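The feature active site is assigned by TrEMBL to B:ASP12, B:ASP131.
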Amino acid sequence: MVNLAIFDYGAGNIFSLKNSLEKAGATVDVITNFDKPNIYSGLLLPGVGNFDPAIKSISKSKTNFHEYVKDNTPVLGICLGMEMFFEKSEEGNEKGLGVIEGDVIVLPQSMKVPHMGWNNLEIKKSGKILEGVKNESWVYFVHSYRVNPINCDAITAESDYGIKVPAVIEQDNFFGTQFHPEKSGNVGKIMIQNFLNVCKK
Amino acid sequence: MTLTKRIIPCLDVKNGRVVKGLHFESIKDAGDPVELAEKYSNEGADELVFLDITASDEQRKTIKDLVRKVASVIDIPFTVGGGVKSLEDARNILLNGADKVGINTGAIKNPNVISELMKLFGRQCVVVAIDAKRNYDLKKDKNIFSENGKKFWFEVFIYGGKEATSIDVVEWAKKVEKLGAGEILLTSIDKDGTKDGYDLVLTREIVNSVSIPIIASGGCGKPDDMVNVFKESNADAALAASIFHYQTHGVNGVKKYLKDKQIPVRL
């Protein structure tokens, strides 16, 4: 049994994410701070909310994020959760978690923003989260910003929305999806299962 | 590849059952909401919309249980609307598993609730539903359109189509975008339940007036109606009820048809 934690920033809907993890066989706790010792085999930063309030809610704990996951706890950041991995975001003024070098920038206004709906994955390279996922699989996006990593090696899949939008990133124990796997039907289910497999090890 | 057009089955829920009416009236039973949600999700629906048209506030409290049940059987996004008046109503829906909340009469009565919702949950959660009806009594300050030689403007109606507001739909759409709506669910009262196609004039004008996604609604009776609304208006999504409820076309069948007609869809 894999025991996971979802960090709740206070505003987001985490029911679907929790439900999809439980369906995949995990037990899930919802936590709102890092005050208690980390007993989890994986941590999820969910995808609904705004950058500054979410970062503030993560930073207020006695133990900081880096300390909490320093034993290489796998972390899956979804949408805003992935954006928080970076150093800063055009959505807010707060500093990001800074575990991946780069920033988060707004989508070009030449396209409809938010980028909302089903789009294809263009798989760039193999990755743990993408195992068993076919190129051009459909996933559900809903976002207004994109990540811009300094080291492009971290990007394992992109999506085309007029420009290339990094869709999946992997770096060390940090995994991120710009789309919502918990809302992406069977393809999303595979990725959730892949993350659980990473956590088991 | 660009973004696909979304095909969205709509479930009007009254006292816990899915119902379907004509011009917002003469309602009949169409099934169990949780069963239908699971079926449409499995058939390849891109999203679902639930509109709670239950009459009394007392009965409406059951919506929370319904949202939880639906959220636990599907893995696609879904919107819940109907009777949302306050931030608290919206919060109740979102924290129980809905991805987006639809707000209609509540937004007209208190437009600030749109901004409040956007700040708390993000723009992507806020769907403003607009019920539009052609008004042939022309007024100077309205946006006038014409079709087949007749001139009219589009008026916003509230309370499930029962009350006119004398608000111009074009102006209201622009305003809700500014206030923080992430999407507009645009329903034609004239076309609702008629099965003779979407209001293309309405949809096209609103698509051109704002830059947020528009869901076309009201009047879909066959897959060609969806082809037309996508080709003629560039709507982002098409919502329909009857063609799915009464099994005239499965969701997958409709999407295959659209693909044959060069409409980008997820299959």
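Cβ atoms here come from the backbone N, Cα and C positions, even for glycine.
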Cβ neighbour count within 10 Å of B:ASP12 (active site): 22
Residue pair B:ASP12 (active site), B:ASP131 (active site) - Cα distance, angstrom, rounded: 14
Other CB atoms within 10 A, centred on B:ASP131 (active site): 26
